[in-house]
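**Student:** Sharing a structure, written as C-alpha cells. Questions coming.
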C-alpha cells in the first residue's frame, strides 16, 4: 500500500530536501577535490601527504552528515517534523535528483542523515531509500567541457605502440618518463606473452577510464581491450623510479590480478569521478562477479558500498532459508562471531565482558577498528563494515547462536516484531581461518600458508602495524590465497612498541621457571618468544624456518621500527614483484636500481 501524499504541499518539506542535497553536494565536492589534490601530491612524490589526505577523506563523510543534521535541527526542528512532511521531504528530494550525476550517493547521504534523526521504526521505503529511486543506467556528464567516463582508442589507425603512448601521455602527468618507449615495448611484449599474436577484429579498440587511480606510491591506468567478442581487462601502475622521473611498472592483464588490487583488504583509491555509477559499471565489466558494493567501497565511496551491501543482505535473506550459526573455529575472548553459510561474510560483535588476560574496553576495541580503517591496509588487513541497529529475523537464527548472543552480548540486543535487533556489529568478508587451513592442508598448502603468513606480518611491520596477537587463528586465507589479518583488538603501532630481547636467565631456577624472570612493560614485545606458539606442528616448523627464520630475531623488528621513526615509507606492490618490467624484462633496463628498489629484490614487498 502506498502511503505517500497525493499533493506536495509542504514548503518545509521542499526546503529540508534542498538543504540536504546542498550538504551532499558539498560533501561530494570535497571528495572530488581530494582526488585532484592526490594527483598533485603524487607528482611531487609527497607520500606522507598522500597518506594524510587518504586518512582525512575517510572521516569527511561523517563530518558532513553531522553538519547537515545540526542544520536541520537548528533551522527546521527536524525531530518534530510530522510523518506526512517527512514523506514529502523524500519525494521532493527524488524530484531534485532527476538530473543529478551522483543520485545513488545522494540517496545514501539522505539515509545517513535520516538515521540520525528518525527512530528505526521509520527505516522503511516510505521515509528513506531502502531501494533506489533514481536509475543510474546510461548516466553520463553531457556538459561540453566535461571529461567522458572513458575514452576509446583505435590502434588500427596509428598502430598499437603509438596508441599506448597516447593513452599514457593524455593523463598529462607533470614529471617526465624515464623511457616511455622502453616501457611501451614492455607492455606490448607482456600482451604478446599473455595472449599470443591475435588478429585485430574490425572492432579492435581500447577503452581507458579518464581518471587515474591513486594509492600508496602508484597511479593506475585502468581500462579494457575489446577485440571481436573478447573483453580483456588491464591496469598499468605508474611509479616514480628516480627523483622527478616516472615509469610504467608493469601491466596487469588477468582478471584475478585486478580483483586483488580492488580487494577488500586494500585501502581505498583516490579517483576523481564525475559520475561514479558510470565508473563502477565500467569496472564491473572487467571484474564480473565482484559485488558493486565492494567496487564502490574500493573507489572511496565506502558509505555507498555499505548501503549496497545491506541491500544485498536483505535481498539474500528474502531468497534463502538457511540459518545464522556460530562461526566455525576457535571462539574469541573479545568478539562473538557468527555467519550465514550461504552468504560469504561474518558478523562480529564486541562482547559485554572479557575474561582474563584481556584488559580492554568496548571503546578501545572500536578505536582499534577505526585505526585499521584509517591506516594503509596494504592488502593484509580486512576492511570492516560497521552497522548499528541491525534487525535479523529470529526465525533465521540458530538456537545455539541465540543462546550465545543472550549470554555474551545481552546489552546489545532488543526483540522487536519477530526480529532480533543488534545495536552494533562489524561485518567482514569470510575467509578460511589460517589455523584450520594449516591443520587440514596438504604439504604444498602448508608451505604456501606459512610463507604468506610471514610475508603478511613482515609487510604489516614495515607499515607500522604490530598485530599484537599473532596466533594463526587471527589470520585468514582469501579466495585468492592471500593471508590477511582480521583480529584487531590488540593491534598497536610498531613505533609505540618496545622491541626487546629476552635477557639471559640469572640462574638455574630462572632457566627452569615457567614464568618470565624479567619485567615486561605494557608495550614490550619479545619476537624470540613467538616460536612455541607458532612452531608446534613439525610440518609448519620446517617450512617456517625455511622461509622466515629471521621472524624471531628482535633485530628484524627493530630495523623496521628504526626506518619508520626516520620517516621512511617502504615500497609495496599489490602484485608479485616478478611481474615488474624491470624484473620480467631485465635486458631492457640498465643495471641502476630504481627509486622503488630501496630494499633488495628479495625483500620487495607484495601486498595483494
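The first residue you see is number 1, and the count goes up from there.
Glycine is treated like the rest: Cβ placed from N, Cα and C.
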**Student:** Per Swiss-Prot, which of 569-588, 589-608 is region 'Disordered'?
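**Tutor:** Checked against Swiss-Prot: region 'Disordered' maps to 589-608.
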**Student:** Report the largest Cα to Cα distance, in Å and rounded to a whole number, among the residues 327, 328, 329, 330, 331, 332, 333, 348 that the record lists as binding ATP.
**Tutor:** 15
**Student:** At the Cα level, what's the spacing in Å between residue 330 (ATP binding site) and residue 383 (active site), rounded?
**Tutor:** 21
**Student:** Using a 10 angstroms cut-off on Cβ to Cβ distances, just flag whichever of 328, 332 is the loneliest among these binding-site residues.
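**Tutor:** Each of the binding-site residues 328, 332 was scored; lowest Cβ tally within 10 Å is 328.
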**Student:** State the three-class DSSP label for residue 383 (active site), counting H, G and I as helix, E and B as strand, and everything else as coil.
**Tutor:** coil
**Student:** Could you state the CA-to-CA distance between residue 331 (ATP binding site) and residue 383 (active site) to the nearest Å?
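**Tutor:** Pair distance, Cα basis, whole Å: 21 Å.
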**Student:** Using a 10 Å radius around its CB, how many other CB atoms surround residue 329 (ATP binding site)?
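**Tutor:** For residue 329 (ATP binding site), the 10 Å Cβ neighbour count is 15.
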